[in-house]
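J.: The structure is given below, and queries will be raised subsequently.
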Amino acid sequence: MHKNIEMKNYISCLIVVILSLLSSFANAESHKHDFTVQETSVTRLCRTKKIITVNGQFPGPTLTVRNGDTVVVNVVNRARYNVTIHWHGIRQMRTPWADGPEYVTQCPIRPGGSYTYRFTIENQEGTLWWHAHSKWLRATVYGALVILPKQGSNFPFSLPQKDFPVILGEWWNRDIIAVQRQAQFTGAAPNNSDAYTINGQPGDLYRCSTQGTVKYSVNPGESVLLRVINAALNQQLFFSVANHMLTVVGIDATYNKPFTTNVIMVGPGQTTNVILTANQSPGRYYMAARAYATVRNGQFDNTTTTAILEYTNVNSGANSRPLLPQLPAFNDTATATAFANQLRSIPSNNRVPNQIDDNLFFTVGLGLVNCTPGPRCQGPNNTRFAASVNNISFVIPRRTSLLQAYYQNIPGIYTLDFPPVPPVQFDYTGNVSRGLWQPRFGTKLYKLKFGSNVQIVLQDTAIFSTEDHPIHLHGYHFWVVGQGFGNFNPQTDTANFNLIDPPVRNTIDVPVGGWAVIRFVADNPGVWLLHCHIDSHLAWGLGMAFIVENGIGEEQTMEPPPPDLPQC
């Protein structure tokens, strides 16, 4: 009798699970898009020039999908440069071939070639973005990627009446590839950008830019979701809206416990969702962004980009100059830190791992390479800039991609001896011995077993200068369990870790002259890049890559390469 009841209960539960799965599959959609990478003439700052775009748009098209959907994007390269597209923050579960970084997960799409990226959105909601991951083409090749909840599911906050992407970027009057080549040739820092942009427009504080200034129209009393994305090539940015408070509800496609602020700091690669309520006197208000720059005595673009928040049916003063927000000073680390410290995740079934299998300590920062013998270099004291993780300056291969070399067992492309801790311990944020300034060069990877719990201490260094570094991990999001200044001390700092509701990110700004500790579960097999999202730093070698081994069974095994994977 009891067995029959138990069997009926089991069958009933099984039916509920199956119906739930069928409902989930029924609501999921397949989104197909065509991206044509091409040259397009645009006019900014009184000049007309050709830039590389997707579908002739700058920024490129916004992709709007739902959690659980499958995305298929056919990319055709009609430009004169090799190109790849990276879907920044997408977990790419078992589909590392679709991740996109050049020579890491694929060889680039050559001019005249094509490649179709295929991936599924799994348990992610909020704002991400896509961008070129080859040379410095992402200066103009980028767009928003909006992930809505599944059909029948809701946001964990009241549905806003309006929803706008706010993509922050950088603009150079010179051709960006020429800027990159000059920096690589001289060994010096690249030329600063000439402007920052919001949705591709500098705003009317710059020359010849008033007509193109982006305007967001709102009705009095409306709530507006602003999806703020920092697509800038090399710069962290403060962002604010005059006279309006911002309620932060999401970062990097994860929800957080809401809090209200008048300014946010967004590092390159990061996204922040904020809700603004149009509760001020009807009028025109600037939203604005300017640099948060932390390198000692470093040069940077000290300008301000603006867009206009415009109330509808404004009768008086409709053409008056908007009110400008008071943004923090460029070196206001206290404001950046206060913002980061308020971020708390909404706890879910994804528990922060307590038991750590791989405990890694990575020093990150800039160094200098001697320039003799050879041509005179234009870095400090006749040197070339270099960058490194644990004193290894990452060399990206050119014969094949790291993922192909791993999958096909191609020898001679990389080694598996990336150091789990710095080869030499020193006062990382103090006076560093000159003998430690020059890194070693290599393509060294670190292997992780499937399912292992990983902790990484990311420690800034003062070799050239301390600096805030936005570190991005491909294929994963992670818990930020701790941050602080100075040298990380495992005896005292570990006790203050937040293991209850730490923020969840895919890109973490390591504090200037400080450290951040992240944790993740290595549940996604493949080869995954970890790197600074300041592109000049990646070009100098501030990166490394993990190999995550397959687990057991199909659901823990990376898919085989697609037949149209580009060849080197």
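A Cβ is built for glycine as well, from the same backbone N, Cα and C atoms used for every other residue.
Among the features that TrEMBL reports, domain 'Plastocyanin-like' is placed at 37-151, 163-313, 417-550. The signal peptide annotation in TrEMBL covers 1-28.
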J.: Over the span of the domain 'Plastocyanin-like' (417-550), count residues by DSSP class, listing helix, strand and coil in order.
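T.: Its residues fall into 11 helix, 56 strand, 67 coil.
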J.: If I take every residue in the domain 'Plastocyanin-like' (163-313) and average their pLDDT values, what number comes out?
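T.: That region's mean pLDDT is 96.
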J.: Would you list the DSSP helix, strand and coil counts for the residues of the domain 'Plastocyanin-like' (37-151)?
T.: 6 helix, 58 strand, 51 coil
